[in-house]
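Listed in Swiss-Prot for this protein:
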type	residues	note
DOMAIN	14-137	domain 'Rhodanese'
ACT_SITE	CYS97	active site, S-selanylcysteine intermediate
Amino acid sequence: MQERHTEQDYRALLIADTPIIDVRAPIEFEQGAMPAAINLPLMNNDERAAVGTCYKQQGSDAALALGHKLVAGEIRQQRMDAWRAACLQNPQGILCCARGGQRSHIVQSWLHAAGIDYPLVEGGYKALRQTAIQATIELAQKPIVLIGGCTGSGKTLLVQQQPNGVDLEGLARHRGSAFGRTLQPQLSQASFENLLAAEMLKTDARQNLRLWVLEDESRMIGSNHLPECLRERMTQAAIAVVEDPFEIRLERLNEEYFLRMHHDFTHAYGDEQGWQEYCEYLHHGLSAIKRRLGLQRYNELAARLDAALTTQLTTGSTDGHLAWLVPLLEEYYDPMYRYQLEKKAEKVVFRGEWAEVAEWVKAR
């Protein structure tokens, strides 16, 4: 059983999306995990807490004995069955605990006794986490081109289509605005950073990467924030601004926020509940900027949103949403973005419609 413990080994694990059987407790996994990890804990949260208390009060030997007592009999067999199945399903995988200590070694020895030799991560999650942090710091030093533009300019799609593009919003599972949530819950901050590091490592490994193409994001993307090392580099980066006609932007927003979100909600929840979730999603987005709109203007737009939803429900048409979307863009989102762009005008190196910016980026 060969353990992997060099920096290059850790990076190779992330680049290859090597399946990781993470045997830490669920609470630890939720706080931060690697992208390709599945959580099959040696101890659940309560068992881990009990063993931790025992360790503090009575020492390591007593804690180890308690752990073996808690994970015994049918409980141990159930967990063994899960580990065995995961090992057989992921023969190229690897075991991981917090620091490559007792938990992963215990599971490894139990599997060995059952006839399965499976490697473990020496240094555990902590070593992988440090590798992810260091990789982001290093890779962020490469030149960056940011794709800017008003809401609905197709910036995310443009980034996605570049071989050296990294979709920060996709990784964060959020589109960055008040209406930015998706049906996928956002990851913990550590898990988001790990996912970002893995994506940057994989993208860099696929080619002789000269520069990154990223969307011009603020520090926060929903509840996740960009690593400071990357954010600092982005503040110094050149910006290419997409300037598409207003009507084209409206078409994109209609497709993304009304047609697609309605489809996604009904697909996930069924027609009736999906419709309610979709309505709540739009109202929540508008409510999030109530103070900035002012109460009177918010109430006017909320009433128009209600009318648009009624029309959509009865006719299937999303055209009614223009009655609140157009003023929201003209009075709030567009002025806000233009103000932000003015503050970094010296960083703008190219302006053009979507296809022109895409061609310019391709030539870099």
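Any Cβ shown, glycine's included, is placed from N, Cα and C.
Note on the residue listed as 'active site, S-selanylcysteine intermediate': other Cβ atoms within 10 Å of its Cβ, all shown chains, come to 26. Helix first, then strand, then coil: DSSP counts for the domain 'Rhodanese' (14-137) stand at 76 helix, 11 strand, 37 coil.
Looking only at the domain 'Rhodanese' (14-137), the predicted model's pLDDT averages out at 96.
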